[in-house]
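As given in TrEMBL:
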type	residues	note
TRANSMEM	26-48	transmembrane segment
TRANSMEM	68-101	transmembrane segment
TRANSMEM	122-152	transmembrane segment
REGION	181-211	region 'Disordered'
COMPBIAS	191-211	compositional bias 'Basic and acidic residues'
Amino acid sequence: QLEFITPFQLYFNPDLIFRKFQIWRLITNFLFFGPLGFSFFFNMIFLYRYCRMLEEGSFRGRTADFVFMFLFGGFLMTLFGLFASLFFLGQAFTIMLVYVWSRRNPYIRMNFFGLLNFQAPFLPWVLMGFSLLLGNSIIIDLLGIAVGHIYYFLEDVFPNQPGGKKLLLTPSFLKMVFDTPEEDPNYNPLPEDHPEHQPRDQDQNERQHPQ
């Protein structure tokens, strides 16, 4: 927005990534949402709102799994971008978060600008219709819905099917970085670490041993 850099330095371009080694484009294409305007603020509001609700809801205490969802979704979108000539994938990422949240909260009633009332699972499709009314391409929205559905199916549906199993396993290094280690239930503290051996506060000590 301040014109220190241009969108041409940020957009997804496989040729520049693999031949010119401009690796940053794998990330920056997710971070540009267009010039300041209604569409920009619309995306920012939804990104903040549903990212926060996921983090504080179904991913509470599971930061590593939350980050892994980001990486998994970004990887699939990047693969699709290689063949579909898509330049910016930030909006698709936002729709993916909305989709995952909506499927995990299917009974919440939504209201869209006071015009529509519907159940949460219809929210991604309402947003896609709204994007279409604004004259935007719905390919990005469909990509976000597709990736969100793949993640939801592999994480929440398939493991609960007969013969199903959990296929998306968060790498252990992410758990080491983002999750606090669990206390070992078999840990036996040293004798000096037991509460009865801890030094008492000064006031209590003075009451018991007055000078």
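Glycine residues also receive a Cβ, built from the backbone N, Cα and C atoms like all the rest.
Note that the structure is a prediction, hence the values are computed from the model and not measured.
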Study note, to complete from the structure: Contact set of the transmembrane segment (26-48) with the rest of its chain, CB cutoff 8 A exclusive, min separation 6+ beyond the ends, reads 1, 7, 9-12, 17, 74, 78, 81, 87-91, 93-94, 97-98, 127, 134, 136
**Study point:** Intrachain neighbours beyond the transmembrane segment (68-101), with Cβ under 8 angstroms and 6 or more residues off its ends
**Key:** 7, 10-14, 26, 29-34, 43, 46-47, 50-51, 53-54, 57-59, 120, 123-124, 127-128, 131, 139-141, 143-145, 147-152, 155, 168, 170-171, 174
